[in-house]
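S.K.: This is the structure I have questions about; it appears just below.
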Amino acid sequence: MRLSPAPLRLSRGPALLALALPLAAALAFSDETLDKVAKSEGYCSRILRAQGTRREGYTEFSLRVEGDPDFYKPGSSYRVTLSAAPPSYFRGFTLIALKENREGDKEEDHAGTFQIIDEEETQFMSNCPVAVTESTPRRRTRIQVFWIAPPTGTGCVILKASIVQKRIIYFQDEGSLTKKLCEQDPTLDGVTDRPILDCCACGTAKYRLTFYGNWSEKTHPKDYPRRANHWSAIIGGSHSKNYVLWEYGGYASEGVKQVAELGSPVKMEEEIRQQSDEVLTVIKAKAQWPSWQPVNVRAAPSAEFSVDRTRHLMSFLTMMGPSPDWNVGLSAEDLCTKECGWVQKVVQDLIPWDAGTDSGVTYESPNKPTIPQEKIRPLTSLDHPQSPFYDPEGGSITQVARVVIERIARKGEQCNIVPDNVDDIVADLAPEEKDEDDTPETCIYSNWSPWSACSSSTCEKGKRMRQRMLKAQLDLSVPCPDTQDFQPCMGPGCSDEDGSTCTMSEWITWSPCSVSCGMGMRSRERYVKQFPEDGSVCMLPTEETEKCTVNEECSPSSCLVTEWGEWDDCSATCGMGMKKRHRMVKMSPADGSMCKAETSQAEKCMMPECHTIPCLLSPWSEWSDCSVTCGKGMRTRQRMLKSLAELGDCNEDLEQAEKCMLPECPIDCELSEWSQWSECNKSCGKGHMIRTRTIQMEPQFGGAPCPETVQRKKCRARKCLRSPSIQKLRWREARESRRSEQLREESDGEQFPGCRMRPWTAWSECTKLCGGGIQERYMTVKKRFKSSQFTSCKDKKEIRACNVHPC
């Protein structure tokens, strides 16, 4: 007895992926299955078109995300590969991504979006447009698509695949056909240590780094610095694992410090070049003034660099200006894959990080060096209430920039010879080799012809070609290389959603015919409304010409005129304006009448929409003098609007400012206050008194020298009397002095009338080494006699000059 095979329906539990293979055979579904399909309301009700039971084959098939990450960065692009290990194969598949613990029966259950790489291999499912399936059922061993990670706050996501090998054999959803990715905490971006494996790739690869700044008043309005906002020049390199330019948790080098605080890449480049054995390419790109404007999207700063097996990492940084020491960049980004190949594309959203050298908390905080220096760390929304990124709820910081790293060529023998997609065959066509002209000197060529039209007539990738002729081969034993050159290109007619194409305005009406009678030419124009988002050049024509015939027949009254001259510049720099052109009468009419032919024409002209291109500005002036005469200051430069009335409001900065450093400021000598005047050095007659001051700060850096530290002035005591009574008094004092001297010799201390004194102390050190200083010594009372009537029993102090020789 033959049983009808029961149709199989994909589980609507945590399974996130289903695989469908359209087969020619008609399938019979049970009523129960159809009821379940109807209950799903038509949203991704996926019926697996296979007649059989699920097989165990998870060692044969695998679902991998390039780099094998456990976390995803919101908005980043990841290459997803579904493959079969030879000799296994598969004919059909389905790939889908859902939020964790979601069933997939609602639109909001799905996470991220897929991008098709090869339309001949893959397509979106007609009944479930968020899922990817095969374009045609045939034997294959691998397919690839890009998955764009969902926005912040999505949580964990599960990618799942189902595979149909034959009509009665299928594998679904579990084991190696499932990949779980969780959202990466932006505050830990790049902080977690990740092992850098030895690279096994062969040959070299060439990449282009493109930097898209997104830091603007619209995206980051709090305290946004309207003046002098900019990104400094990009500096970095491709290097080995033995060299670190910068890393989270490490300390900034002097080069990193100068980039972070001054925006100067000079020291950083010097440090990189000193590591010549560990560095393959120094990466440099221009600065952006201001930090965001449309031209930064159309022609974003970019730089090309190469990597090899030893030097397969790349790092770079650029300063947000003005800021204390804030930067963005990548550290040790590995471009080598575990499959011994080279990563095709890296897209990273960037948040700012602190270099740990300045403690400012706002864009324009005054200089405040961090002592001791702190480690490099990412900024967070809870750092400081005055921070422009502060959020009391602790949310993630909005990305300030995006960097795109694309592989543009591979050179030399490659280990992984399977192309990542069909476009690799075009993308890897010899652009690397064109950097060095290896044409033998014995081969003489003509110049290259112009590039041909793109081979694709629709908005798809194609090739264009140019040729040259071999004029002479001077040595027949030396072969001459190619006479044809190919380059990838995009065909015309792309839609507005295509980031690599232009958006054009409608054609302006045809101009008048160039002649007043007979056959002439006319033209019309259009303008670029939106340049390509990827910064490529717009190749679509902006002008068309065609022949025109004026019905009026040329008669004897007709005149001969020259060709029209070139059109004058449009009277407006943006929006609608007028332009003129002129011609001259070469020969007047034969009948002597006036020439009726036009000799001047005027027509409307359309420039790009106002504020979509940079303003028409004069060149920058020279930098002004530093705002200070010594130490740290600021300097500025200006530019002017060339056509203010026509342009209207212009948001471009007309002034720039940067830090400047001059020699240290002089420090003058600092002195203490004057001391009190000393006692007069004479008890009668003329004498002098002294006062002093001390040096508290010696002069530095050419400061004012120290003035005098000792001053003298005359003093007069009572007149010295010579009367007998005075003479007797002196004799009495002399007698008492002799008696005191005797007592002093008898005792261990000195004795004055009425008291006994201790010996004089030693003289103090001189207050100056030269130019006149003073010394002091003291005598103190040791014992007072009760019967003494003398009042001179008190502590004594003596002062004398010292080091009076000139300095």
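In case you wondered, yes, glycine gets a Cβ from its N, Cα and C as well.
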S.K.: Going by the Ca(2+) site in Swiss-Prot, where Asp354, Asp358 are listed, which of the candidates Asp308, Asp325, Asp391 is also part of it?
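M.R.: Record check against Swiss-Prot: Ca(2+) site with Asp354, Asp358, extra candidate from Asp308, Asp325, Asp391 is Asp325.
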S.K.: For the feature N-linked glycosylation site in Swiss-Prot, which residue out of Asn214, Asn447 does the record point to?
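M.R.: So the answer, going by Swiss-Prot, is Asn214.
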S.K.: Disulfide-wise, see what Swiss-Prot says Cys340 is paired with, picking from Cys199, Cys200, Cys480, Cys489.
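M.R.: According to Swiss-Prot, the disulfide partner of Cys340 among Cys199, Cys200, Cys480, Cys489 is Cys200.
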S.K.: Pick from Cys559, Cys626, Cys630: which one does Swiss-Prot say forms the disulfide with Cys595?
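M.R.: Disulfide pairing in Swiss-Prot: Cys595 with Cys559.
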S.K.: Averaged over the domain 'TSP type-1 1' (442-495), what pLDDT does the predicted model reach?
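M.R.: A mean pLDDT of 73 is what the predicted model shows over the domain 'TSP type-1 1' (442-495).
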S.K.: Under DSSP, the domain 'TSP type-1 3' (558-611) has how many residues in helix, strand and coil?
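M.R.: Helix, strand and coil residues of the domain 'TSP type-1 3' (558-611) number 0 helix, 19 strand, 35 coil.
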S.K.: Tell me the Cα distance separating Cys199 (disulfide bond) from Cys595 (disulfide bond), rounded to the nearest angstrom.
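M.R.: About 80 Å separate the Cα atoms of these two residues.
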S.K.: Cys199 (disulfide bond) to Cys626 (disulfide bond): how many Å between their Cα atoms?
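M.R.: Their Cα atoms are separated by 50 Å.
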S.K.: Round to the nearest Å and give the CA-to-CA distance linking Cys605 (disulfide bond) with Cys502 (disulfide bond).
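M.R.: Pair distance, Cα basis, whole Å: 20 Å.
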S.K.: Measuring CA to CA, name the entry from the disulfide-bonded residues Cys200, Cys202, Cys340 that ends up nearest Cys182 (disulfide bond).
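M.R.: For Cys182 (disulfide bond), the spatially nearest of the disulfide-bonded residues is Cys340.
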S.K.: What is the nearest of the disulfide-bonded residues Cys156, Cys202, Cys480, Cys626, Cys660 to Cys340 (disulfide bond), using the Cα of each?
M.R.: Cys202
